[in-house]
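Working notes, beginning with the structure itself.
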2 protein chains.
Amino acid sequence: MAAGGRASEPLAELSHYVVARPIYSEPGFQEENERRPPLPPTLRERAQAACRCSRKRAFQIAKSFLPILEWLPNYRVKEWLISDIISGLSTGLVATLQGPFPVVSLMVGSVVLSMAPDENFLIEGSNATGANVTGALIDTESRDAQRVLIASTLTFLVGILQVIFGVLQIGFIVRYLADPLVGGFTTAAAFQVLVSQLKIVLNVSTKNYNGVLSIIYTLVETFEKIGTTNIADLIAGLLTIFVCMVVKEINDRFKHKIPIPIPIEVIVTIVATGISYAADLEKKYNAGIVKSIPRGFLPPEPPNVSLFSQMIAASFSIAIVAYAIAVSVGKVYATKYDYAIDGNQEFIAFGFSNIFSGAFSCFVATTALSRTAVQESTGGKTQVAGIISAGIVLISIVALGKLLEPLQKSVLAAVVIANLKGMFMQVFDVPRLWRQNKVDAMIWVFTCIASIILGLDLGLLAGLLFGLLTVVLRVQFPSWGGFGNIPGTDIYKKVKDYKNVIEPEGVKILKFSSPIFYANIDGLKSSLKSTVGFDAVKVYNKRLKALRKIQKLIKKGKLKATKNGIISEPGINNEAFETDEEPEDNQDPQVPTKEVEIQVDWNSELPVKVNIPKVPIHSLILDFGAVTFLDIVAVRSIKTIIKEFERIDVRVYFASYQDNLISQLERGAFFDDTIRKDIFFLTVHDAVLYIRNQMTYSDNQDPIFEKISLMQESKEPIEFTEASQPDDELDVQEEAMRRLAS
Amino acid sequence: MAAGGRASEPLAELSHYVVARPIYSEPGFQEENERRPPLPPTLRERAQAACRCSRKRAFQIAKSFLPILEWLPNYRVKEWLISDIISGLSTGLVATLQGPFPVVSLMVGSVVLSMAPDENFLIEGSNATGANVTGALIDTESRDAQRVLIASTLTFLVGILQVIFGVLQIGFIVRYLADPLVGGFTTAAAFQVLVSQLKIVLNVSTKNYNGVLSIIYTLVETFEKIGTTNIADLIAGLLTIFVCMVVKEINDRFKHKIPIPIPIEVIVTIVATGISYAADLEKKYNAGIVKSIPRGFLPPEPPNVSLFSQMIAASFSIAIVAYAIAVSVGKVYATKYDYAIDGNQEFIAFGFSNIFSGAFSCFVATTALSRTAVQESTGGKTQVAGIISAGIVLISIVALGKLLEPLQKSVLAAVVIANLKGMFMQVFDVPRLWRQNKVDAMIWVFTCIASIILGLDLGLLAGLLFGLLTVVLRVQFPSWGGFGNIPGTDIYKKVKDYKNVIEPEGVKILKFSSPIFYANIDGLKSSLKSTVGFDAVKVYNKRLKALRKIQKLIKKGKLKATKNGIISEPGINNEAFETDEEPEDNQDPQVPTKEVEIQVDWNSELPVKVNIPKVPIHSLILDFGAVTFLDIVAVRSIKTIIKEFERIDVRVYFASYQDNLISQLERGAFFDDTIRKDIFFLTVHDAVLYIRNQMTYSDNQDPIFEKISLMQESKEPIEFTEASQPDDELDVQEEAMRRLAS
């Protein structure tokens with residue numbers, strides 16, 4: 001990251017400020033618009049407008065691509081120029097002293113290191129072996145050239161992706177960077193930085209590991225070689241860390257009393273450079289010093305397209321992170337100065353900026369909150385301030401680089417480490433997060449571990465997918481339960497959670513709190529079984545089995561069918577009844593299956609030994625209050641469920657549905673001759689009242705016999721066909737799978 | 001697939017039948033259990049039980065791993081053996097004539113081809129060039145050995161993954177293979193088969209492409225070289241396709257009249273072999289014939305672990321598909337014979353079976369519906385039938401292979417093509433699907449295209465992720481709207497969708513039909529703004545601005561503050577008032593901001609020109625009926641929303657919440673001194689009644705003045721601080737992002 005970062009910084013700055021909007025919205029324009037409300041155009045005006053239209057629109061488009069056409073001609077020199085100059089100078093100084101934005105730099109750096117490790121640039125004939133490059137000579141010139149090429153190619157690709165995201169209007173994916181995800185990710189990033197800087201503080205050489213677990217290998221090797229630590233570098237580093245942390249603590253405690261924070265990093269750097277130069281630490285103690293900083297600028301170079309395929313995953317992560325950072329900072333000022341940010345246009349702007357930068361050996365552009373804050377607080381008004389601050393950085397690099405050459409690298413590394421405290425402190429968020437929301441805590445931990453193990457780019461993608469998966473799982477495994485009435489009200493609550501909640505006689509109410517789609521259809525079915533207490537298909541099959549046996553017994557004269565049901569012939573010993581064994585239909589096909597019409601009361605004692613689960617209900621209400629969408633698998637499966645229950649004389653009703661559900665069901669061919677819209681009710685209570693009404697009118701007998709008579713009066717006689725043949729179309733989802741097996 | 005498939009088939013068969021359960025559940029056991037209901041154990045029995053416990057449990061575990069210990073000792077020779085033998089013979093014949101299950105074979109085949117293409121096995125010195133391997137000599141022996149190794153290694157890895165899925169209890173991921181996804185996937189598979197067989201029918205040589213778009217490249221090259229078609233092979237192929245399709249159509253039309261379908265594939269194969277042998281097509285017309293089929297069996301060989309990393313994605317897809325097929329077929333019979341399938345145990349069983357098979361050069365095991373159906377319908381009872389059918393396949397391979405050597409390859413390819421009709425017919429599902437549910441249609445098309453472009457394994461994974469993404473998007477972008485009362489009822493419906501729906505005076509009701517989490521917090525906020533018609537933060541900031549101006553005017557003596565509000569001093573010209581321009585606080589710091597206490601009626605005409613959006617409401621009700629979960633970002637953001645509205649004197653209430661929501665909010669530190677549980681109501685109507693009640697009691701004046709007085713009586717005076725400072729903690733989600741930028 002060092003190689004690509006230095007030379008490109010001023011341009012990255014520039015490209016940032018080209019993207020940025022003027023800090024203050026222009027009240028002049030707004031007022032003008034407010035003063036001239038649009039009047040309806042006359043015919044003549046319309047004709048004129050048509051002529052001007054194409055030219056005007058072209059200019060509008062040009063302005064939207066190049067906002068400078070909008071603001072520069074309207075620049076108020078007297079009002080804004082001085083503010084802009086002051087602000088530009090301040091911002092430039094801060095930028096020089098603070099350097100680039102850490103997270104994106106780290107992500108770019110890890111790509112660069114993994115694609116152009118030191119091992120690729122060993123000079124032939126030097127004493128290098130595969131395992132040890134410490135003493136080997138490295139062709140730093142071609143290495144750095146290759147690294148710059150990789151960084152700029154990456155920038156170019158990031159730009160392309162950002163433009164694509166913007167054009168496809170999917171700026172919303174930035175929202176997938178959830179709060180816990182960002183927490184875990186930044187902590188992992190801090191850990192990566194710590195490890196990479198630790199070996200510099202110790203001045204211990206390790207291999208450049210890359211790929212999975214590289215940071216762990218680096219850490220292990222650093223400790224294995226801890227015997228080779230350079231004491232001069234270690235002392236300088238530890239001192240720097242100590243001083244920086246103490247002064248930062250002071251800055252923090254007395255921030256209301258001191259006008260500006262003490263720039264301890266600058267002071268330490270200057271002092272350390274002086275000491276190193278005076279004491280000649282390099283020669284006397286073999287300390288690792290900065291030595292040479294490359295100066296000047298590289299000529300424009302086209303990106304290396306052949307590298308694209310290797311860096312696509314990393315580019316994806318970087319494109320999102322860089323953009324997310326910039327927009328989050330932008331929103332602070334958008335709220336403060338009351339203008340709106342168009343997320344997708346920002347994506348396009350950043351994209352073109354990065355595509356352009358990529359051709360000039362530049363680094364991915366994003367935003368630094370600290371510098372933006374400085375520019376705003378010092379009164380910067382327009383991008384002119386940005387140009388000035390970029391100029392300052394440019395001068396610093398060209399002029400000041402030389403002076404820093406005797407500085408120990410361990411001091412620079414220590415300055416970085418001293419700034420990591422805040423990021424590591426985030427670890428203490430995890431226990432609180434765990435108490436508040438276990439899933440969010442898991443996202444935090446998963447993203448952190450994945451980013452450490454897989455690297456920042458793949459780790460971020462893994463965390464992002466994990467976060468989305470938790471959403472799917474939370475939708476897939478919702479809460480559900482049988483509901484009952486709170487007496488005297490029209491309120492229905494979960495039976496398990498409340499005392500004195502009463503389930504209406506013969507009615508079960510299931511609330512399944514989730515949209516229903518392919519992944520939770522099984523869940524709906526099993527929650528149904530558990531709520532009603534039986535399996536509708538099983539009951540139907542068992543009833544069929546019992547019917548066949550009863551028919552056999554009637555044929556043998558052991559039973560008699562009357563209009564009130566079946567009675568066993570007197571004097572027949574019950575022990576002689578058929579056992580609950582498979583009737584072996586295949587080998588006994590002479591028993592006709594549709595000969596005698598029998599009415600059976602399934603809730604009474606049957607004269608055959610078949611274990612038929614009791615069906616204590618006549619109605620089932622599904623509370624669809626939380627079913628916000630259905631997919632086609634769900635529509636078909638619910639239709640199947642209704643028919644399965646109808647077969648055993650249980651009516652299914654739907655309540656509290658969302659309005660758009662009906663049209664979804666209509667499109668899904670849900671309604672037919674038997675399933676009509678009269679099974680939908682506005683509320684659960686309406687459905688219960690309707691059912692109660694139906695029951696009262698259909699039968700005024702004693703409630704115990706009510707169900708029995710209902711069974712007997714059932715309009716659709718049970719057909720004597722086996723349920724669930726392999727070619728039965730009832731289970732749609734299974735059907736699809738079986739297509740694969742045929 | 002050919003190389004690995006042949007030799008391994010009998011063992012794949014075996015491993016399949018080892019996994020399969022006995023087709024009929026054993027009624028003997030069930031009865032015994034039913035006859036002996038568990039009695040409460042006496043003390044002595046308990047002591048005995050403790051002793052037996054460990055031995056018994058070990059045997060239980062052994063049985064669950066090796067079900068054969070359960071069923072073989074209880075095998076009823078007299079009842080079952082003859083059925084098993086008949087069934088085994090039939091199934092074995094069908095298996096011999098039909099070969100392995102197409103989709104999984106195709107997936108394994110594509111991995112084998114891509115990892116060991118012909119080009120890797122060119123014999124040095126032959127006339128091959130990079131672009132043309134047609135005339136080159138290929139070391140088929142080492143190629144086939146390598147391919148068998150790849151196939152068996154893949155089988156081993158698939159087995160490991162399946163065991164892992166089973167142990168982790170994530171059998172539910174099979175549910176992610178939605179109906180439209182399977183449709184698109186199988187159609188793409190059919191397309192892959194068609195292209196791979198087409199070049200065989202034409203006897204045109206192409207390169208073995210692999211990776212992205214390989215099937216398209218193959219198709220293009222096939223057509224480029226169509227001039228080299230072998231006419232003898234083409235004619236044989238076309239004739240075969242024609243005959244097979246006609247006879248299959250007849251089979252289908254008269255399936256109720258003919259006892260068994262005409263086995264046209266077998267007839268065609270035998271006839272074609274005879275013709276090819278008699279006419280010596282190979283020599284006379286240079287036809288491509290089968291030539292040599294390797295016989296015998298390979299010794300056990302350990303899988304090549306170093307290949308694992310290259311085939312992990314493909315293994316993942318294959319592990320899921322193979323399992324999903326088997327379970328879907330199993331469920332048909334589980335329902336029919338009333339036993340349950342434990343999905344996770346099946347995963348483990350398939351896994352161990354594949355791990356074992358992988359060591360014996362075997363192929364991934366799954367289930368073929370057709371053969372299972374044959375075994376069941378011919379009366380097969382136990383795995384003994386499976387063993388017998390595997391024996392038949394074994395004999396066929398060893399004995400019959402030699403006889404098929406003169407057969408033209410194009411005939412075999414044509415037989416395969418003739419069987420693809422049904423899979424291609426699925427394309428006609430798409431328009432219907434589009435009408436029924438656009439998202440499902442998109443899943444179909446995406447999976448199909450992805451599987452064609454990326455290959456079957458990656459395509460399936462891509463389709464799976466796409467399907468899950470559609471779920472996230474549907475949850476992320478829910479329907480929402482302002483709700484109003486249907487007069488005379490306690491029902492509230494969307495204002496836009498219904499006529500005569502009335503919004504209560506001064507109350508807005510928003511229903512956001514989705515769980516609220518990090519990805520749709522923005523959506524909630526913008527739907528809020530759109531429903532209430534103003535931006536709460538903006539209103540607050542504008543009011544602050546106006547207050548500052550009013551203070552200035554009071555200071556200058558142009559306004560006067562009374563206890564009833566502010567009045568302009570008589571005689572002052574309105575034109576002299578300040579304009580709506582930035583008051584430039586930074587350059588004018590001497591104006592004190594907290595000097596005069598003023599009561600302002602924000603809904604009246606103000607004496608300063610600041611465009612403050614009107615706030616026509618005093619209460620906001622959020623209908624949380626479909627909010628099934630909240631994450632930590634949502635909890636914090638909703639808290640922020642409440643406080644933002646309180647600042648402008650709008651109270652926020654929640655209605656129709658799910659019970660588990662309150663505990664989620666409690667854990668998320670939602671409630672504090674100002675936000676208490678009294679803002680939660682069981683229904684929207686309850687909330688509206690409460691608000692109406694509050695309004696009546698708090699003020700009995702004319703309703704127009706009601707709001708004004710409410711403003712003035714507000715307990716919390718507006719503080720004169722700027723909203724949304726960068727360090728303001730209001731927006732949590734943005735805050736996380738800004739941490740990256742600091």
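Note that Cβ sites are derived from N, Cα and C of the backbone, with glycine treated the same way.
So that you can see what the record holds, here are the features copied from TrEMBL:
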TRANSMEM  A:148-174  transmembrane segment
TRANSMEM  A:231-248  transmembrane segment
TRANSMEM  A:260-279  transmembrane segment
TRANSMEM  A:307-326  transmembrane segment
TRANSMEM  A:347-369  transmembrane segment
TRANSMEM  A:384-404  transmembrane segment
TRANSMEM  A:411-428  transmembrane segment
TRANSMEM  A:443-473  transmembrane segment
DOMAIN    A:497-691  domain 'STAS'
REGION    A:719-742  region 'Disordered'
COMPBIAS  A:725-734  compositional bias 'Acidic residues'
> Near the transmembrane segment (A:260-279), which residues from the same chain, at least 6 beyond its ends, have a CB less than 8 A from one of its CBs?
Replying inline: 97-98, 236, 240, 243-244, 247-248, 250-251, 287, 289, 403-404, 406-408, 411-412, 415
>> Below 8 angstroms Cβ to Cβ, which residues of this chain, lying six or more residues outside the transmembrane segment (A:411-428), approach it?
In response: 102, 183, 186-187, 189-191, 193-194, 197-198, 200-201, 236-241, 244-245, 248, 265, 268-269, 272, 290
> What is the pLDDT of the domain 'STAS' (A:497-691) when averaged and given as a whole number?
Replying inline: 81
>> I need to check the long-range neighbours of the transmembrane segment (A:443-473): which residues 6 or more away from its ends have a CB within less than 8 Å of a CB in the stretch?
In response: 103, 106-107, 110-111, 114, 176-178, 180-181, 183-185, 187-189, 191-192, 210-216, 313-314, 316-318, 320-321, 429-430, 433, 519
>> So if I exclude everything within five residues of the ends of the transmembrane segment (A:307-326), which remaining residues of that chain have a CB under 8 angstroms from its CBs? That is, six or more out.
In response: 19, 101, 103-104, 107-108, 110-111, 115, 149-150, 153-154, 157-158, 161-162, 165, 171, 173-174, 177, 346-347, 350, 364-367, 456-458, 460-461
